[in-house]
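Q: If you scroll down you'll find the structure; I have some questions about it.
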Amino acid sequence: MKTVVILAGLVALALSSAVPPPKYQHHYKTSPVDAIFVEKQKKVFSLFKNVNQLDYEAEYYKIGKDYDVEANIDNYSNKKVVEDFLLLYRTGFMPKGFEFSIFYERMREEAIALFELFYYAKDFETFYKTASFARVHVNEGMFLYAYYIAVIQRMDTNGLVLPAPYEVYPQYFTNMEVLFKVDRIKMQDGFLNKDLAAYYGMYHENDNYVFYANYSNSLSYPNEEERIAYFYEDIGLNSYYYYFHMHLPFWWNSEKYGPFKERRGEIYYYFYQQLIARYYLERLTNGLGEIPEFSWYSPVKTGYYPMLYGSYYPFAQRPNYYDIHNDKNYEQIRFLDMFEMTFLQYLQKGHFKAFDKEINFHDVKAVNFVGNYWQANADLYNEEVTKLYQRSYEINARHVLGAAPKPFNKYSFIPSALDFYQTSLRDPVFYQLYDRIINYINEFKQYLQPYNQNDLHFVGVKISDVKVDKLATYFEYYDFDVSNSVFVSKKDIKNFPYGYKVRQPRLNHKPFSVSIGVKSDVAVDAVFKIFLGPKYDSNGFPIPLAKNWNKFYELDWFVHKVMPGQNHIVRQSSDFLFFKEDSLPMSEIYKLLDEGKIPSDMSNSSDTLPQRLMLPRGTKDGYPFQLFVFVYPYQAVPKEMEPFKSIVPDSKPFGYPFDRPVHPEYFKQPNMHFEDVHVYHEGEQFPYKFNVPFYVPQKVEV
């Protein structure tokens, strides 16, 4: 046999011919909209195009260039907000071209002032004019941050579609190696040597240049963490985290802006507990074991080299065994340690009393205070001290673990992955930090009375059977547009002839259904919950439920009316509540708008996880998990919370019945069922085998 060395680019070329069309071209759920909605939507979209430069012929520029905020002060419902903004703006706002991060004090102060200016505009026209003014005159990153939140939070923009963050900020979702290739093609005006281009995974397809992209390797993850780089760097997962912040920023004051004050801290805990549980499942199937722990007084073992760049500087790098306890961090380390110890002292006392609050830690509602404490959000303090975010545990921890030097001034800093919600999930130490926070909150959970048999029992209702289709994951190619990363000429900005797309394999799963047999003695509205949890730990030993309760990941919640006798309920994975379809590209949304339609999930469920990440990547022989199905009586939310049923679906705690430590003997009741399942993986186990790096020739036996 002779060995033929085949260039990886040619392998990629062969693979590209077998790539199925992106699935967004088929069967995407849409909703009809009227002409007024379409006009609003197109105006909102126009401000996202080529965000790093201005179009002097665009409508927004003509409006924003000369718009006078002060002269229009009567068009804002809160005049003090306008005055506060103008005071900051005239003393000097953040210049254009600088990197923006909400985790730095002066930038945060300006961004909140800008958001409030957007938020208190009396009508959509004033909002659009104000946003146009900011698009022209304000720092690009700050504008986008405030604009995203305002579109989500304003009543007159409710339901409008926002572009996927990875289209707006490609530099935060794509390694610099790929964007360098994009810039090269742009600078060469599309000139391509076909042989050389194939070698580097670059192709011209129709009106687009397509760039094959791997996930980061051991250069970025100098440890075994590269095994799940496809998870860390998934553009849908990172967008999900960004949207979570957009819907409920840590600086958000519920008294001032809106709802959820009574459950805000609970939402914080539930979000991170579920994110860590989902991450843990991915670690198990990849043989990475338990989530590592760290100490503020010892080197951090897990290094990370982001391979990302900001406006002027590359992202900071953290080597393995990074010594965080150094002279630039002493003060922050002391604060972080004191913050943790103070919380444990509160728990030992059993109560907290300060900031006009008195909390009993034996009360289940205390979770709201505990979540607020760890987020250090605006609802924790009274009105006089709501801006004490510099005393935030999260912000200080991100700065210490990010390993960046101290900022040069209020606007100049070396960015780290932990400085942005769009990039935080790429850094493995992020999960170690939030696992640490969740473990502290679980210390509080130990003070809660576990559910007893009567709490969990459903009189007259029994789950007789649960059947689950084969669970199988696979990797598939997906294209996403990175055209916003390039600068274009004045001539081309109106109608640039080409688009730039990155093609990358992403984790997905085959559709499946869960069939539930229920025998009932009564006719009643019942809630069904489906969870996925580990059955064995990283060493292969069964995990007792008493130690495993907070590792169950909630897949679905739905209400079904059961009738006397035998009931057969089939739930399709595509209908699971906590997931959505992937975002459509802006180019596809424009086509839908011309037909009077919008993508339903992008309009209604932007803050949920993509369906394709529902299951952890399986293994060839099937990785064992357990599916938990639970049915209980439905209790509607209070009337005042009905508009928010998508977030607060019923009156039970988030994650119920796994919202507190459990007594396993009470989880063997007729209205509960544990079903052993296996998650298989079909095709290549590791996505980098789809796109072999160009610098590694492949040997093929002939």
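Every residue, even glycine, has its Cβ placed from backbone N, Cα and C.
Annotations for this protein, taken from Swiss-Prot, read as follows:
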- Asn75: N-linked glycosylation site (CARBOHYD)
- Asn214: N-linked glycosylation site (CARBOHYD)
- 1-16: signal peptide (SIGNAL)
Q: What is the number of other Cβ atoms found within 10 Å of the Cβ of Asn75 (N-linked glycosylation site)?
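A: Counting Cβ neighbours of Asn75 (N-linked glycosylation site) within 10 Å gives 17.
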Q: Measuring Cα to Cα, how far is Asn214 (N-linked glycosylation site) from Asn75 (N-linked glycosylation site) in Å?
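A: Cα-Cα, rounded: 50 Å.
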Q: Would you count the other C-beta atoms found within 10 angstroms of the C-beta of Asn214 (N-linked glycosylation site) for me?
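A: Total other Cβ atoms inside 10 Å, all chains included: 22.
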Q: Work out the three-state DSSP category of Asn214 (N-linked glycosylation site).
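A: The residue in question, Asn214 (N-linked glycosylation site), is coil (DSSP, three-state).
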